[in-house]
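Inspection log for the structure reproduced underneath, given as structure tokens.
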């Protein structure tokens, strides 16, 4: 408990330090070669929110992966080019029509206005791009506008283009360059864009959440009285929805038969900025149809072979409804869990953004010459033009690379990000554990009341919440830490798997796959044990003792253990209609009643001196027969 409090205080200090050093603008806005933000209000680039690459073909250079930067000038522009053009052709046509220059200079360096300057000097100084290609914005960057026609990759209906240096190039080269850029756009930036979308539509999101909460409350209230009807409605509704999806996919698959370009494969078209292109392929709809058919078959088989378990699940939900009916405040506890999780996620996201944006702009020498010894060395853009580097490495540029620094804080930014992630997982799992322990304590007070509801203590949910914080914080934190470490390792393994996708070492891939599988199983086993340990911890024992007691209690009642998974199946189907947090109240209620029932059977024998505390209905549901003269507590 003391260690957990110290970690929280350290986490607050980490967030404060990150806030002092960070600048989210460095992550939100693309940065040009001069370290200026694209699209930032109050700057000359306020109306230039898109990043344009002078020579996008250079982004296919191997130095992209080494230096993590495309070795070409990058400029903020207001819109992407919509036509093919080269500087040589522009200069030739400019003498007849000045409109050619008026358009081309939009993609030149600010202040450059000398179209008569020799082409060789313009390209050497990178005053203007040697060529422009039809592009569209994607992730605030200009990407070539790829379109597949008759199985052939094209850009503006062309399969080749002039590169501005007297060569004819294939548009496949543009695709390779685009793939080189997208490899640099890491999940951090994509996540920030998603965060921006949330920020711009928070009002509608809030309305949707309120509607979801109201529907959830109505659903749970109806479930108490019509559990069987609503359960089967959800089941058959899902079956019907998946069946319609299969029919629709087949209809789309059939309607595309014979149409041009519909029989090419997804791998042939590669990366596309317009995702609607994939919907024009028969292979896409075939994959959708097969996937939905497999899901439909699994659902039907589960219903056929577990039909008796489904009926038992309905009976368990009805019994759980009685407990929730006596403690209606449990329906609103998921709101507390939601708010605590939202606070954890917000704090983690803000801290991660400020950590990622800590540091000053670092500039490095970028050169396409393989023998340039200054490549990837730091430089000063203000004095670079007077240095010897430009003489020894013609065409080299001093461009913005990343944000960083040489201080102790900046050198360990990555380690601090890992700490931020680990503590975030710990807090999230602790919040979930606190909710599970609180609900378990409230429902246990219902079960162990001799006369229901007369003997249920006042404010059972609030009392259980207070007990969980006062007596069980250490146990909850310990269980959450174990689960967080396993999840942290799984995230690292997923990251390694992503990085090794192109590797040809079969043994490494096999070993990584085995590790991922093992840790996935370990995570779910720990979640299972933690959930039951948090129920048993209400008896006042520590986490390890509670986990041991829960495990052996379940093992001693292994014939009844099948019933445990049925409510989880119900939770899965119910999640299509209601918020998971609200339905988890029922799942936790059923789990608590089940473990209390097992404990009741071991502690009591049904005699007048040791009566069963379970309701007679639950006794019949779980198929336990009476043994001569056993009595039940009043319910």
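Placed from the backbone N, Cα and C atoms, the Cβ positions cover glycine too.
Among the residue ranges 327-350, 351-374, 375-398, the one that TrEMBL annotates as transmembrane segment is 327-350. Within the listed segments 139-159, 160-180, 181-201, 202-222, TrEMBL records transmembrane segment for the stretch 202-222. The transmembrane segment annotation in TrEMBL falls on one of the ranges 451-468, 505-522, 523-540, namely 505-522. Cβ atoms under 8 Å from those of the transmembrane segment (505-522) belong to residues 486, 489-490, 493-494, 496-497 of the same chain, restricted to positions at least 6 beyond its ends.
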